[in-house]
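Colleague: I am attaching a structure below and will ask some questions about it afterwards.
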Amino acid sequence: MDPSADTWDLSSPLISLWINRFYIYLGFAVSISLWICVQIVIEMQGFATVLAEAVTSLDLPVAIINLKEYDPDDHLIEEVTSKNVCVFLVATYTDGLPTESAEWFCKWLEEASIDFRFGKTYLKGMRDAVFGLGNSAYASHFNKVGKNVDKWLWMLGVHRVMSRGEGDCDVVKSKHGSIEANFRAWKTKFISQLQALQKGERKKSCGGHCKKGKCESHQHGSEEREEGSQEQDELHHRDTKEEEPFESSSEEEFGGEDHQSLNSIVDVEDLGKIMDHVKKEKREKEQQEEKSGLFRNMGRNEDGERRAMITPALREALTKQVDAPRERSLLQTHILWNESHRCMETTPSLACANKCVFCWWHHNNPVGTEWLWKMDQPEMILKEAIENHQNMIKQFKGVPGVKAERFEEGMTVKHCALSLVGEPIMYPEINRFLKLLHQCKISSFLVTNAQFPAEIRNLEPVTQLYVSVDASTKDSLKKIDRPLFKDFWQQFLDSLKALAVKQQRTVYRLMLVKAWNVDELQAYAQLVSLGNPDFIEVKGVTYCRESSASSLTMAHVPWHEEVVQFVRELVDLIPEYEIACEHEHSNCLLIAHRKFKIGGEWWTWIDYNRFQELIQEYEDSGGSKTFSAKDYMARTPHWALFGANERSFDPKDTRHQRKNKSKAISGC
């Protein structure tokens, strides 16, 4: 017997693993994909799950159904006799449209509500409650889907057990401070209503003689009666008066008198009286709201003070973002404008007037068109920003690949990028903050979203002023940036014109999103003529994971070669500009005005010491001694130029190449 046959050979399983390595990789990839899908589903069904758990605690059966999988033609009529209470959680997306999962349900419901073949009693006997999710920053269609679903169901005869709830993502105007708090408050009332239904207790129905259901029977108390007789009484009231039992929110859109007109013929000469009556009631309602302080306290807490910009819900979201994995490039020395490892990234304003599809904060930050929050002083913001920057740098002590001299340099802030999140120019004391930076010998890089032209005109000199040009046409800008201003396109154009009169360095920042804004070259060229920027920075969009707030995917990230081709074609349309620099790692190219090409050499970099001298002279002269971008330019090193083999990687540094070079679906 051969003794070697009984000896376990380690090489055999290793060889087997190597041969089947692709199947192992595939298994890991599938497992990770399934895990990500599960996480997304859990996040999307968060509110529904919370509500289901609360209902289950009452010993009531409950089921969560995705509206995408729900056929209203077959199942809604079944709810008439089922005695179930149907709760609809619906969100309002761009332009007041429903989300993709609720699109068919809403379309069917709208058509059925106006189809005479269904009638006003088609769903009589069905019981429901609606909670809408929206953002009041978009006032023209705030919670439009929730309101419509509530209205359409009511028009088909559905019986409300609870008034419509409205969740508001805008932490400033949200009644309870966040959409989660809005939902919790509504859920508490809904659970109380279910408990009352269990006991056979119902709120006393209105007799139809009050204005919009504001009588005592809607505000106070309830009376005990048999559930069967209660429902008969309510159905009787509905048939005779066409009013809504229980609480209702659709009286805002359809009052008792308005609804009565649906069942009666109105003479043409009476329409004027009816419209006058409706307008009068609307004015009375607005006056009543003003007296109660709804308008006066917008953006304020219960004590009448301005709300803090960072709410508990927002702080939790910010913490998740800060804990994200840090990239190797954090301490890289060179980028388009020289050193970056000494650059502190911060913002005095988390708020923004846009909800861009590629925003890496996934719309957790507040939005608004004006400042509505408590304001921290510039001195405090700068002090804490420097401390937090230093604490972040300290985390890299001893990390492989981090050079000791750069670690020490990084502890001293030399530059400040006001671009972390939000719209820095919204901060009321932005000019004071900039002066503090310059007094500390810190250069300033400010990025604005081109929606505040007046603030751009009034801005003090900065080292470099960026304007985000995410699209070149009105339609594409609305699609990509999703701005809050109704006149967003005019604001955008005026902002670019305001940039043209600035004497310091100005930059257009173009973010390319494949299939969305890469085919508008002629329009981009026209926008360049408006602002006459010193530089145009063109960058491929960066993918920042899946988000329910955006449809952006990896497929929208352009390859670097595609960005280069776009830039070449754009330069052909703007003869005063040329391609100057390239940073392949950032998927970014720099187009510069020819005035920065002196003697055949590019001077696109910044002489920071000279800038500090110039800004000091400007301050000492009270603003009379001005200076221009050419006064503090520096020569661009050869390895940062477009076409150089280094592609902006400093030859003194060590370049780390990715070992796995498998084909990806995008340029990310």
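All residue numbers here begin at 1 and follow the chain in the order shown.
Including glycine, each Cβ sits where the backbone N, Cα and C put it.
The model shown is predicted, which means the values in this text are computed figures rather than measured ones.
Pasting the feature list from Swiss-Prot:
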- 43-47, 130-162: FMN binding site (BINDING)
- C352, C356, C359: [4Fe-4S] cluster binding site (BINDING)
- 213-223: compositional bias 'Basic and acidic residues' (COMPBIAS)
- 233-243: compositional bias 'Basic and acidic residues' (COMPBIAS)
- 244-255: compositional bias 'Acidic residues' (COMPBIAS)
- 37-191: domain 'Flavodoxin-like' (DOMAIN)
- 336-580: domain 'Radical SAM core' (DOMAIN)
- 202-269: region 'Disordered' (REGION)
Colleague: For the domain 'Flavodoxin-like' (37-191), what's the mean pLDDT in this predicted model?
Modeller: 84
Colleague: Using DSSP with the three-state reduction, classify S140 (FMN binding site) as helix, strand or coil.
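Modeller: Its secondary structure by DSSP: helix.
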Colleague: Just to confirm: which same-chain residues, 6+ apart in sequence, have a Cβ under 8 Å from the Cβ of S140 (FMN binding site)?
Modeller: G96, K486
Colleague: Would you kindly give the Cα-Cα distance separating C359 ([4Fe-4S] cluster binding site) and R160 (FMN binding site), rounded to the nearest Å?
Modeller: 38
Colleague: Nearest of the binding-site residues to C356 ([4Fe-4S] cluster binding site) by CA-CA distance, picking from V130, N135, D150, M155?
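Modeller: Among V130, N135, D150, M155, N135.
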Colleague: Measuring Cα to Cα, tell me the gap between N135 (FMN binding site) and C359 ([4Fe-4S] cluster binding site) in whole angstrom.
Modeller: 17
Colleague: Which of these binding-site residues is closest to C359 ([4Fe-4S] cluster binding site) if you go by CA atoms: V130, V145, M155?
Modeller: V145
Colleague: Take the C-alpha atoms of M155 (FMN binding site) and C352 ([4Fe-4S] cluster binding site) and report the distance between them in angstrom, rounded.
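Modeller: One finds 38 Å between the Cα atoms of these residues.
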Colleague: Using C-alpha atoms only, work out the spacing between V130 (FMN binding site) and C352 ([4Fe-4S] cluster binding site) and round it to an integer in Å.
Modeller: 30
Colleague: How big is the Cα-to-Cα gap, in Å, between D150 (FMN binding site) and C352 ([4Fe-4S] cluster binding site)?
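Modeller: Cα-Cα distance, D150 (FMN binding site) to C352 ([4Fe-4S] cluster binding site): 31 Å.
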Colleague: What Cα-Cα separation, expressed in whole Å, is found between V145 (FMN binding site) and C352 ([4Fe-4S] cluster binding site)?
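Modeller: Just about 24 Å between their Cα atoms.
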